[in-house]
Amino acid sequence: MLRAILVEVTAVVATLCLIGAVTIVGRNRLMELRTELQPRLRDSAPYLAVLTAVLILNSVIRDSAQDLSWQIGFEITYLLAEYDAGIVAAIQSFKSDALTTYFSSVYVYGYVFVLAFPVLAYIALSDRKHFQRLVVAYSINYFIGLTLYILFVAYGPRNWYLGVDAGAVVYENLLYSVTNSGTANELLTSEVNSRTNVFPSLHTSLSATVALFAYKTREDYPIWLGIATVLAASIIISTMYLGIHWAVDILFGLGLAGFSVYIAERYID
């Protein structure tokens, strides 16, 4: 079943990227990319190698990192819940079938598209610094995220079990409640993430990173700025609406995004 789910996600994202390539990147840049792809990839090889290494590291040590986190990490779920101040519950109070379907789709399909399309869009630009900075920012996000996941043990609202004296707030796991999609979402998220990989929100940091780059390249891709901003905002809200992250996770995710973009720009000037 997992293979079928991955094929479906890949097909949807590939279709969206194809549409984006035609409507946003444009024919001229795509034609130029046919001859310039190899030189641009060759010039960016060191940065791509680092990102590949970080992604492989994240995949290889995912289970062992969780075990290590339980041994040396700090349990901060109570703090996150306290400082959330009921924000997640307030957002979930607006729940509806339409919103749940939208945010579930954005969380899965929209997120992958938001990360994948800029890779194509920026490699198609003659100025290679945009592509290289994006790759560096991705690497920083993933590496710092993995490090913090080891240092801090935290459960999201969907896995937060309140005691009888903890109040009347109940956080719902809306990601798995979509008709005909709940099992697929549960299987997919369990394969790529752990329940304690909450602080900070990488969905937030990476989506915000893409939105920041969209702003910085708005002269090249003006349409993409609007699309990236709407998608990033939707993805960020979805993490709370679906009961996956606390508001504090979002704030730190936004901070991580800003830091990653800042370092990437300083490193590649």
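Keep in mind that glycine also has a Cβ here, set from the backbone N, Cα and C atoms.
Automated prediction, rather than curation, is the source of TrEMBL annotations.
Since this is a predicted model, take the numbers as computed values, not measurements.
The domain 'Inositolphosphotransferase Aur1/Ipt1' annotation in TrEMBL covers 97-262. What TrEMBL records for 6-25, 106-125, 134-155, 222-244, 250-268 is transmembrane segment.
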* Asked: For the transmembrane segment (250-268) and the transmembrane segment (6-25), does the number of C-beta pairs under 8 Å, pairs 6 or more apart in sequence, reach 3 or more?
  -> no
* **Sequence-remote partners of the transmembrane segment (6-25) [C-beta within less than 8 Å, at least six residues beyond its ends]** => 108-109, 112-113, 116-117, 120-121, 124, 188, 221, 223-224, 227
* Structure fact -> Same-chain residues at least 6 beyond the ends of the transmembrane segment (222-244) with CB under 8 Å of its CB atoms are 20, 23-24, 87-88, 91-92, 94-95, 99-100, 102-104, 106-107, 110-111, 113-114, 117-118, 121, 156-158, 171-175, 198, 201, 203-204, 207-208, 210-211, 213-215, 250, 253
* **Residues from the same chain, set at least six apart from the ends of the transmembrane segment (134-155), whose C-beta lies under 8 A from its own** => 44, 47-48, 50-51, 54-55, 57-58, 61, 65, 68-70, 72-77, 80, 115, 118-119, 122, 194-200, 202, 205-206, 209, 213, 246, 249, 256-257, 259-261, 263-264, 267-268
